[in-house]
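Peer 1: Below are the structure tokens for one structure; questions will follow.
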Amino acid sequence: MPLIASRIASANSATSDFPLNNLPFGVISTAGSPPRCAVAIGDFALDLAALEADGRLDAGAPVFAADRLNPFMALGPAAWARVREQLTTLLAEGAETPIDDALVPLDAVTHHLPFAVSEYTDFYASKMHASNVGTMFRGPENALPPNWLHIPIGYNGRASSVVVSGTDIHRPLGQRKPPDAAAPTFGPSLRMDIELELGAVVGVASPWGAPITVEEADAMIFGYVLLNDWSSRDIQAWEYVPLGPFQGKAFGTTISPWVVTRAALEPFRAPLPPREVPELPYLHQAAPGLYDIHLEVAMEPPGADRETIISRTNYREMYYSSAQQLAHHAVGGCGMRVGDLLGSGTISGPTRGEHGSLLEISWGGKEPFALDTGETRSFIEDGDRLTLRGHCEGEGYRIGFGEATGRILPAVANRWA
Ligand SMILES: O=C(O)/C=C/C(=O)CC(=O)CC(=O)O
Ligand SMILES: [Ca+2]
Ligand SMILES: [Mg+2]
């Protein structure tokens, strides 16, 4: 599909994240006015509440003056399609309905969490990442757990600590115990890490007690965001047996401000890799379950005038799709809600420059990597900024995700020191 030309000139640039083909939804505010729903177009945010107020946009019910996308998502796929169609018409090249009053330059907006996160679940679906972490945590003979090729492994995370891009995060306090220490100690995490992930946003609820098929699950997904599942590797390594990550991943998860819709991603669907063992029927997905999304991670130390790209990979690297994960999530009767967020799991490609965590890039801290400033890193130091970016490459346009960025601040005071 080619670029759809827009009346907004900046949206027609081949390097804009937000051409008319994209139309990602978010929540913005400007000086003196409250948060409301918007779409990104070129270098602007288009204020949907302003358009809705006088009937230039109609979702079927008034939803866009809200400070979150949940009411709009809850209207369901027919309303999503109808709004996408209306916006495509309003923003097309040559369209004449006045919209200038609703356009705000992106550099003048404050981003808010785009939706109220009902619950947050995180998966473990890159074979390369799982093998690398397994090797480091449990030894090469246990690289991949015996269930990994059969179950999309996940754990229940914390919705309360999901924050929007640009929010700085304090290094967590917690327990850690190096293998050779006699007893655990308490203090700021010493092995702070990122996880490069894609977050699927559920826009249609499924009732408690009712399993769903993979096809039904796919249709329930409203869109996707970039997701950084900040991780404290020393806290995680000590706490995770036998119930999995807890405090090591509960202090902050950053998502990008714009939800890129499933509709915008449709031309970029990519096949799942061949199954390595027979798959149970409830997990089978006939349609291409992944997307061809180029991803990168940038690191910028404090006081530096430039960032270093420390990893480049692609969402095609995954073994399980979000639809398979969602179907697995619900199969025992777990109800899913509008605003549920599903982390894909860390996305790692085969080589060191394609890994989605510092744990892998520095191989457990044993092989520090260099930044363009001349400094080296194994894990994150205070003041470092980490930024995730992603886009699909179309013919003369891209479907961009914007970025998910955050800085790690020093830990809060340790009142037990
Ligand atoms: O193998 C383990 O013990 C834990 C691995 C993780 O870091 C969990 C996680 O967040 C999975 C992921 O993002 O892929
Ligand atoms: Ca994770
Ligand atoms: Mg987290």
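All positions are counted from 1 along the displayed chain.
Even glycines carry a Cβ here, placed using N, Cα and C.
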Peer 1: Pick from Asp218, Asp229: which one does TrEMBL list with Lys249, Thr253 for the same Mg(2+) site?
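Peer 2: Only hit among Asp218, Asp229 in TrEMBL's Mg(2+) site, alongside Lys249, Thr253: Asp229.
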Peer 1: Let me know which member of Asp122, Asp168, Asp292 TrEMBL also records as binding Ca(2+) at the site of Glu195, Glu197, Asp229.
Peer 2: Asp122
Peer 1: Per TrEMBL, what member of Tyr120, Tyr124 joins Arg138, Gln236, Tyr240, Thr346 in binding substrate at one site?
Peer 2: Tyr124
Peer 1: Between the recorded positions His129, Arg138, where is the Cβ count within 10 Å the lowest?
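Peer 2: Counting other Cβ atoms within 10 Å of each of the recorded positions His129, Arg138 gives the minimum at Arg138.
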Peer 1: If one looks at the chain holding Lys249 (Mg(2+) binding site), which residues at least 6 apart in sequence have a CB under 8 angstroms from its CB?
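Peer 2: For Lys249 (Mg(2+) binding site), the qualifying residues are Asp122, Gly157, Asp229, Trp230, Ser231, Ser232, Gln236.
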Peer 1: How big is the gap, in Å, between the Cα of Glu195 (Ca(2+) binding site) and that of Thr253 (Mg(2+) binding site), rounded to a whole number?
Peer 2: 9
Peer 1: So, three-state DSSP: helix, strand or coil for Glu197 (Ca(2+) binding site)?
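Peer 2: For Glu197 (Ca(2+) binding site) - judged by DSSP and reduced to three states - the answer is strand.
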